[in-house]
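Some notes on the structure that comes next.
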Amino acid sequence: MWLLLALLSIFQETPAFSLEASEEMEQEPCPAPISEQQEQVLTVALGQPVRLCCGRTERGRHWYKEGSRLASAGRVRGWRGRLEIASFLPEDAGRYLCLARGSMTVVHNLTLIMDDSLPSINNEDPKTLSSSSSGHSYLQQAPYWTHPQRMEKKLHAVPAGNTVKFRCPAAGNPMPTIHWLKNGQAFHGENRIGGIRLRHQHWSLVMESVVPSDRGTYTCLVENSLGSIRYSYLLDVLERSPHRPILQAGLPANTTAVVGSNVELLCKVYSDAQPHIQWLKHIVINGSSFGADGFPYVQVLKTTDINSSEVEVLYLRNVSAEDAGEYTCLAGNSIGLSYQSAWLTVLPAEEEDLAWTTATSEARYTDIILYVSGSLALVLLLLLAGVYHRQAIHGHHSRQPVTVQKLSRFPLARQFSLESRSSGKSSLSLVRGVRLSSSGPPLLTGLVSLDLPLDPLWEFPRDRLVLGKPLGEGCFGQVVRAEALGMDSSRPDQTSTVAVKMLKDNASDKDLADLISEMEMMKLIGRHKNIINLLGVCTQEGPLYVIVEYAAKGNLREFLRARRPPGPDLSPDGPRSSEGPLSFPALVSCAYQVARGMQYLESRKCIHRDLAARNVLVTEDDVMKIADFGLARGVHHIDYYKKTSNGRLPVKWMAPEALFDRVYTHQSDVWSFGILLWEIFTLGGSPYPGIPVEELFSLLREGHRMERPPNCPSELYGLMRECWHAAPSQRPTFKQLVEALDKVLLAVSEEYLDLRLTFGPYSPNNGDASSTCSSSDSVFSHDPLPLEPSPFPFPEAQTT
């Protein structure tokens, strides 16, 4: 009999439930009650798990409650000499005895009571098992998970730039401590750009603005004197890659409506970059759906606003027969465009019942139709191929209602107004387009004309443009000075000096697409005093010209260096300006204007990604204008070690998250603005002079920043340091920068600081990367973060 009971006991030893949240949550030996044989009272909190051993020898011991032996399975169980309660409830209170098998000797005699004064274990306060003055002994517990159900998500896959939070809520008595490991090594975040936040009271680890280098296994280790438990999370950071908008398949969908009803067409757009969305309706002009060049006529029904959330839905109220036809959702960003189409069928009201009956009848014969259509599929395909070939020869355009029609004929859309013969004006907007080949010849050698659609809002007559001397050039493009007659419509006989961007003869299709993309981006962004504005385009009967504002005084770096005061350590690269040195308010004004331009670009959801003094142009009236904000830069193909044509290293203007992980945001532009501030107050100095690139990387990771330039007030240096905070979220916004610089402008006057004084021993003319940095001439401040509080109204940088 005893043998049979022993065998049954062995088979029943498998737990019916587990106190662990995963296989990685280690089970430690359970504690024994404090005393043996003597009666003991333990106070337990509601919801707390209980695990007690019956003496030093667990074999041959059984637990009883109120005289009844506990089963070896269930929420409350006694097995292998252990008393286990998964979650303590009021009905679990009472007297428990541990008896030795055979002799029935009382090994333990204890009473469990629930103390309502104790916080529930559901409370996230880890001090659940604090001491009490009631005289009762509180249950000593090895660490345990209080909310294992919240820890079930092991894999966290998030886009770069997001915030990640790992939680391991636990409790125990004595109160356990928590430590974090990354890939098996102690993790304190000291080498992570932006640092980490450890919230021990919430058992959590928080990392802001994650980057691909944050990938790995993160383990929480919770321990006290009675044991330890651990749990691991896997973090995968998905690197953002620039791409054109993605449209959800099947949307917009074909729709059938009745005259007088309302219709909604939905277009779901996914895009990292701010998309520009248009709803288009295909229309007929003079009996034709297509122009002479084969491109469709399209009416623009709805266009996105910068803050619009309703543009993805096209609402058609009280539809009529004229509303029937093909509708297209067109979405574009700085990378490219995507579009999908659907058909709207409008039925007369009296045909509604007939249509329903017909649809029901058709559904009954669906199977028959499928079989028949399958047998005729080959014949139909041959017929369609013949019809298509005939249409291609004769230029006949036939339209068929399909669920999604990919209109490859107008990937680049332009809007213009159709002039009516009767009134001279029309509210009807048309879009026509051109296809850029991605499979044709790689070069546009000998290009003399480009078949781009006419855009009367921006088209400028080519014969009124006289090209002059080159202002700058790259491998495949160039900028020339030009004279434009009648650019100002109010003064048609006046000539204006402009700058014209164009392609060289050896430009590729990709270069052409980039120039068109820049042109479209400038159209979408609009006008502002502190950016280079688009004035017009030449797209007809010749090469593509993009006409922009002309800046007579060149870029800001040259402007600053030409106005350096005389001295042994400051000398201009070229001829010294006759206008003399700049005053301190003039320098602050330069920074203020650039900040205003960047604030506007930020409001238009435009990330510059290459903000530097060389990309800020200066007009004849000393107005700062940000340039090259519409360029489509391939950030995944940047050679970070390659110098630019003028010898400067782009990496020196890049934020750490952009430099190391290629994450570009408005806050990475703020970092670059801080470098630009440094350029301004060194009068065009080269950042990090004498610092090799390899050393620069490690210095930035360690938190080192450039020291204060000579004659730069501590307030403005504090502003630079705020821009250089390691955590992107802790940097100021451009709106805050504009407000801070505006206050400085109001406070200063011409007598505040005269830069005609000779500068200190620092020379910004040092080499960029050829020499090494010694301790005596280092431009780095070796304190990782500001030593004094920021005078500006945004969060102060904190040491990480």
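Just so you know, glycine gets a Cβ as well, placed from its N, Cα and C.
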>> Say a student had to find the N-linked glycosylation site annotation in Swiss-Prot: which of N254, N318 would be the correct pick?
In response: N254
> Which cysteine out of C220, C329 is the one Swiss-Prot pairs with C267 in a disulfide?
Replying inline: C329
> If you look at what Swiss-Prot says, which of C98, C168 makes a disulfide link with C220?
Replying inline: C168
>> Quick test of reading the record: Swiss-Prot lists a disulfide for C54. Which of C98, C475 is on the other end?
In response: C98
>> Suppose we draw a 10 Å sphere around the Cβ of N254 (N-linked glycosylation site). How many other Cβ atoms does it contain, all chains included?
In response: 17
> Cα distance, N286 (N-linked glycosylation site) to N254 (N-linked glycosylation site), nearest Å?
Replying inline: 26
>> Cβ atoms within 10 Å, counted per site: which of N109, N286 has the most, among these glycosylation sites?
In response: N109
> Can you tell me the mean pLDDT for the domain 'Protein kinase' (465-753)?
Replying inline: 84
>> Quick check: in three-state DSSP terms, what is N286 (N-linked glycosylation site)?
In response: coil
> Can you tell me the three-state DSSP label for N254 (N-linked glycosylation site)?
Replying inline: coil
